[in-house]
Amino acid sequence: MYREGTWVSAEVILQSLDYFGIVVFAMAGALRGEEKSLDLFGVLVFSIVTATGGGTLRDLLMGNLPVNWVKDNAYIWLALAGGTFTFMFTRFWRFPVGALAVADAIGLAVFTVLGADQAAHMGFSPLIVIVTAVMTGCVGGVIRDLLANEIPLIFHREIYATAAIVGAVVYLVLQAWGLDERVFPWLAMLVVLMLRLAALRWDLRLPRFMRTLPRA
Amino acid sequence: MYREGTWVSAEVILQSLDYFGIVVFAMAGALRGEEKSLDLFGVLVFSIVTATGGGTLRDLLMGNLPVNWVKDNAYIWLALAGGTFTFMFTRFWRFPVGALAVADAIGLAVFTVLGADQAAHMGFSPLIVIVTAVMTGCVGGVIRDLLANEIPLIFHREIYATAAIVGAVVYLVLQAWGLDERVFPWLAMLVVLMLRLAALRWDLRLPRFMRTLPRA
Amino acid sequence: MYREGTWVSAEVILQSLDYFGIVVFAMAGALRGEEKSLDLFGVLVFSIVTATGGGTLRDLLMGNLPVNWVKDNAYIWLALAGGTFTFMFTRFWRFPVGALAVADAIGLAVFTVLGADQAAHMGFSPLIVIVTAVMTGCVGGVIRDLLANEIPLIFHREIYATAAIVGAVVYLVLQAWGLDERVFPWLAMLVVLMLRLAALRWDLRLPRFMRTLPRA
């Protein structure tokens, strides 16, 4: 959906969603920093890392260097804005966690499909499209959790990453069916969003790893 | 030993060993995920990271982009297969930990020499050949331990990395002596394997870092 | 200040300072390894990672591949020398922590300005110059802390990173004012050094993240 001249308004909407995802992920990162009692600098680093980590790893592995936020400074500015706002806001008001979870789900949906889209346009195989989509959507949060010295949340709240996987598969299937490229990315995004919101609403989970035998 | 037309069967054996190392490291990663009570997604991420982490960092630092598993999807598929098998298997049977340790030693030997081989063929200095060899052999496990929120094991079970260093040095010495390139990589692999198995068998260790003075 | 033929002695001094920063950061990394009771291999890895981590990430994100220490082996040799020296020294004598803190401040100042300088000469925007400067100065220590399974120190001892930010801004301002490129990088370095030493001397801090409301 990046093709020039196909549907300008779609590109504008998409870019807006991308920036929206950056801001939302930055806010989620800042809130994690708050839980860890970090100072302003630490909070802003958490914001930047959470917002840009997925896209950065994607660009590194694909060889798209310099990485995206070096070329388009808006990514860093928006992450700083989201982090600073959250830093100020939480000093005086309680943060609407429910609203943030919904916004975070939108960010996940957008980043996942943007990642799938980029890998697909570079001609990579379906497997790599899926891996790239999941990385773009989830790795920012993983690095944030590592910096916070915790086992990354996505290994526990598993429908997070699973929603990204399903969304990438839907993207590939709709593309294979020959749907209009101005339409199917939005459907894939909607699938990720719906899955993630359903998981939040009804607390859905994947099976855990269990032994039926006692340890040796 | 990557030269075309020199010794086809050696290349086939080498590629097979490489894939074997991927599967074994994936299983080791999955077992770590099990210890952390991760769900299926988390276990598979641990498998992929452990199996491909070393080669990925090597390719990043050397500038071989996109990284190897983006070009050859077999790496990811095999890691997924090893992780899924381990996930299913450990639900019903006790995992043969001894067999895994031997297989892991084979993986270490193969990855170490593959790393040394690639750096040597790119014309890098002996020091970089050694660093690349150790990274390719060990970094997957390091990232796995970081995700599991633990100090990486290789900082404690130190003959692991030391075996890789010795193997890389042997590779360089045999190469300098002008040995046939169809032979000496196998000897270097054997050295790593023997060292690692000996370390496992007799619990060999390097000296620890100690103060002889009390803390200030 | 990398321009050929402008002021040879400045380049020599700068390269010397760069190497000095590597050694000092390697020693700081080794001391952290000592606190964690690592063996010699672990201590040397901590030395290498702390000394080269910032420059490595900078080169990765900018696409300067292979990374600097692959091209100039002196980086790794010096890190190994600093780590080995510290390993031996601390077995018999108490380490002069005060002297190390001053040396570490010099390393921070040098790496920060070298990072800013490289990004500026590649034609990146002021924002990216600042981000690159901070990364080059601080990321080595962040990776070291991650390997040691701790929340990175810079999120707590915050004037560390803040000194780097201020130094990068000073670099940009002096450059914009048209100062001689043989002079202003040294001024920026001096600012970082003075700020860091002042922070150490008077224990300066940034405001922490606080809620004025109780948690939900």
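One is the number of the first residue shown, and numbering goes on along the chain from there.
Yeah, the Cβs are placed from backbone N, Cα and C, and that goes for glycine too.
According to TrEMBL, the protein has these features:
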{"type": "DOMAIN", "residues": "C:17-90", "note": "domain 'Glycine transporter'"}
{"type": "DOMAIN", "residues": "C:102-175", "note": "domain 'Glycine transporter'"}
{"type": "TRANSMEM", "residues": "C:12-31", "note": "transmembrane segment"}
{"type": "TRANSMEM", "residues": "C:38-54", "note": "transmembrane segment"}
{"type": "TRANSMEM", "residues": "C:74-90", "note": "transmembrane segment"}
{"type": "TRANSMEM", "residues": "C:97-115", "note": "transmembrane segment"}
{"type": "TRANSMEM", "residues": "C:127-147", "note": "transmembrane segment"}
{"type": "TRANSMEM", "residues": "C:159-177", "note": "transmembrane segment"}
{"type": "TRANSMEM", "residues": "C:183-202", "note": "transmembrane segment"}
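Most Cβ pairs under 8 Å to the transmembrane segment (C:127-147), among the stretches C:12-31, C:38-54, C:97-115, C:159-177, belong to C:38-54. Highest Cβ contact count with the transmembrane segment (C:183-202) among the listed stretches C:38-54, C:74-90, C:159-177 falls to C:159-177 (criterion: pairs under 8 Å). Outside the transmembrane segment (C:97-115) by six or more residues, the chain places 14, 17-18, 20-22, 24-25, 27-28, 31, 54-55, 58, 132-138, 140, 160, 163-164, 167-168, 171, 185, 188-190, 192-193, 196-197, 200 with a CB less than 8 A from a CB of the stretch. Mean predicted confidence for the domain 'Glycine transporter' (C:17-90): the pLDDT average there is 88. Residue counts for the domain 'Glycine transporter' (C:17-90) under DSSP (helix as H, G, I; strand as E, B; rest coil) come to 62 helix, 1 strand, 11 coil.
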